[in-house]
Amino acid sequence: LVQRLVKEFPALLEHKNEDKYNPIFMAIKASHYQLVDYMVNACTVIKTGTLHKQSLDVALREKMIEGKTCLHLAIKENFDSKTRKVLVENASDEALAIQDDVGKTPMHYAAEYKRCTDDGAELIKLFIERDLKAMNSSKSPSKTFLDLLDNSGASVYLLHRTERLTEKRQSHERNSQNLPRISKSEEERPAAKTKRDSPRTKNSNNILQRLKLHYMRTRSTEMVISFLYGNNLQDIQVSFDYDKLPRQIQWSNFLSRFGADSNSDRLRFDSVLQYVTFPKVQVQIKGRHADLEREAEEQSGVRQVGVSGCKDMKYFFDWLNKKGVRHIITLSVEDSRDSEEKVHSDQVIQESLEKFTIEHLDWRKTDLDPETILHVGSKATILHVGSKATMAQNSTMCNERSIQSIPQQLRQLSLKWSGSNSVLRAWSEPEGLPLLPWLQKIHLYKLSSNLQYDSPHWIQANVEKFKIRLNANRKAIRDREVTVCADQNSFSDDGVAFGDVEVDIIDSDKEAEFATRSRDTPHFSLTIPKGINSHKWLDSTIRFAAEMELFWRKTTLEFKSSKHNLDPTKKIASDVIVALIDDGVDMFDAGLSDRVLEGKSFDFHDGKVRPSFSSADGHGTVMASMILRACPMAKVYPIRLKTYPNSNGKSNIDADYAAQAILSALNKKADIISMSWTLPMSGDKSVHDALKKAVDGKALMFCSAPDEGKFTKRDYPSGPWREDFFRIGAARADGTVFEWTPEDGITYVLPGVDVIRDQASSNSFGWGSAARFTKRIEDFKYETGSSVATALAAGLAAMIIYCIKSSIMSMKIRNQNKYPIMGAAIGDNDASLIAAPDAMKRAFARLGNVTPNRFIQVWEKFDEISEILKTLRREESSPEEKVKCIERFVEFGSELANSIR
């Protein structure tokens, strides 16, 4: 009867009762799944017209109690699984994207950890199929239901993962409370074998892996980071682009910057990377690494490469494996042979890639051996979300429960081809590429026309034969062995095992520059420091910085090795973090050493992200160098901005990403934020809200005076909050304000013009200073404006914090040794309190006379304290002299701390 009524009068589905429920919602609420089936089927049978489907769509999109639709209710109330499937299959994309009062879509409820049943996993698979269909449709929406976040900012993936981790933690706590107390002898007994994963854990692994892989395959890097990690406070990387790092690199240097494995807190990876990109890189092995390698080859009696071979990439892929990476969606490696360059041997390529599941292989070695291709992923494992290695936090080692073998996943191949027909035959033979079950597409990159022996017609004919032969051999395998690949753990949601492969030819003459080469998108436009005479301010500051670095190192070592716990909060001896919002920082710049942290990037482009550990045009690297000139102990946290060129040939900053960069600096709990850019106000409130949050939180922020015109209330970052920022202007060598820096609104003026370039041979800045200048400045001619001054000011603020920290530690050490320092009043929390904007402004003024144009003559304090620290480190200084030196330094720290009060 119900089915007939709906067929005759489909508009009945849109009518509501007195409770504002439509018929489908009422049936779900009453658990009458058969009624729902009848109503849906009446609207979806082939003979029904668009009116029926429209009425069904209206009924499924209608919001009712708590903003929930029929789909929300059916999934939340664990309705009949077959009926839930019918509803999801027949709902429109718009119906699937409706969010209830707490911002959840129907898929949010389907993804809840408590629904990790076999049926629940199948329902998630259906949602993924619906998303893929929407992405591939002619409309191709910019967002689908899978991209929506609930009111707490959680994606369906993040919701499931968070609930899973919460339940596991609570379960562990309950079990710990219920455990009986065990004796030491019992603790030493071998642990009993852990039971196998529960069905719910297996389903959860399945759901999380399917969601992650599907999202990485279909979305941009920016969207992937948000989907998997939200604000990504731990800075987990989902890709690795070698970008502009050195083309010749010491391996020990690389490991010191990025960490040797997942135990390191440097550069942490997800177990799945969306893309990995390498240009030609030459790895130099010296010392212990070289000795171990030589011994291993001698013991095995086997060399991995011949005279013309290399194995540079082997180091990088072994490193990625130790970092916990197991799966790469797209891998691009430049391995072409130009002139005398070496290429990687087949053995090295096989051994490099055997532990990784790779979906799109783009290894640019000419005529890559098919056996090498088949060997990719031969020893691969998958790390489930519950394992420590997957979280890239602890160790690459994980127990057997978190590891599972996975089948060959190669879906796309980009092959560099010499034009040889024998190579095409080798690739297409039954023992070659036809054996790849999920292969869907091959891109053939043929040589430039001037290097080809055969005519274009002959080459095209051979390629056509290759296509026919390849797919014929795949069909034979499919007919014979298709059942072998019906493995549900392959996560191949959009392919048929041993299906036909699409082949296209790309002419190298017309090929776009390979992705690993240098970027050509303009970013920050630069002018560089002019090297004339040494600036007295800079000379005094760098001398003081060199002495302070040694004193800090000695003091922290003595402080931490104390028998008593002098620092229960672990804050006094901690590093000062300066968040640098700029165009990235070259981590391998010789002058920056290990003082640059892992960073974060918002420079998203073409679905990818430019890394924070390289600099678009070197501007951020120069800024980091200036910060570290003033304070070599500081840690720089680079946040890379997205910029785009304007009609004036300069670069504009993307406001939304600028807002996200500011929030990231706050989330990192950076002590100082340095911003050498201005941004005009617009209708976008995101920047205003982010800056307002920083101002309300008393964040210590430094910004540059505009190079053209005056500060106005209509310019970010400081416009609306003049008194809450350090607005830094640039000065000449004599301290006068630079022409285009307005005097009104400037907090302080620091050197910005006549900043000396690095002249290591002259050592013009005194003891130990040469190493503090970044190598990159040698390549520059000028740096005008106030960006240099802003970076120096941020470094100076960091130095003031270090001075107070050092004074606190010195007092505690002296008091412990029964030689108390009298008359000094510095609280344990003063190093934190001095970082408030008003307190820091007063502290700056205590460094020396402030001229009418706001220039600080820091040498009035720094030169005296530098001499004191120099006396303190001299071996010939008497104990009495050293005590007096410590007392004077603590007095100096106390003077700075008095700025708080």
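Glycine residues also receive a Cβ, built from the backbone N, Cα and C atoms like all the rest.
Whatever TrEMBL says is automated annotation, not expert-curated.
What TrEMBL records for D582 (among others) is active site, charge relay system.
If you look up TrEMBL, you'll see H619 (among others) marked as active site, charge relay system. A sphere of 10 angstroms centred on the C-beta of H619 (active site, charge relay system) encloses 24 other C-beta atoms. According to DSSP, H619 (active site, charge relay system) sits within a helical segment.
The Cβ of S787 (active site, charge relay system) lies under 8 Å from the Cβ of H619, M623, S676, S704, G752, each on the same chain and at least six residues away in sequence. In the three-state DSSP reading, S787 (active site, charge relay system) counts as helix. Residues annotated as active site, charge relay system in TrEMBL: S787 (among others).
Sorting each residue of the compositional bias 'Basic and acidic residues' (165-175) by its DSSP state yields 11 helix, 0 strand, 0 coil. Taken from TrEMBL, the feature compositional bias 'Basic and acidic residues' covers 165-175 (among others).
Feature annotation from TrEMBL assigns compositional bias 'Basic and acidic residues' to 183-200 (among others).
Feature annotation from TrEMBL assigns domain 'Peptidase S8/S53' to 574-801.
TrEMBL lists 165-206 with the feature region 'Disordered'.
Only residues 6 or more beyond the boundaries of the transmembrane segment (785-804), in the same chain, are considered here, and those with a CB under 8 A from a CB of the stretch are 527, 529, 538, 541, 544-545, 548, 552, 576, 578, 580, 619, 622-631, 633-634, 671-672, 674-676, 700, 702-705, 707, 726, 728-731, 738, 740-741, 748-752, 755, 826, 830-831, 834-835, 840, 843-844, 847, 858, 892-893, 896-897. Annotated transmembrane segment per TrEMBL: 785-804, in sequence order.
All protein chains included, D582 (active site, charge relay system) registers 30 other Cβ atoms within 10 Å of its own Cβ. The predicted model assigns the domain 'Peptidase S8/S53' (574-801) a mean pLDDT of 79.
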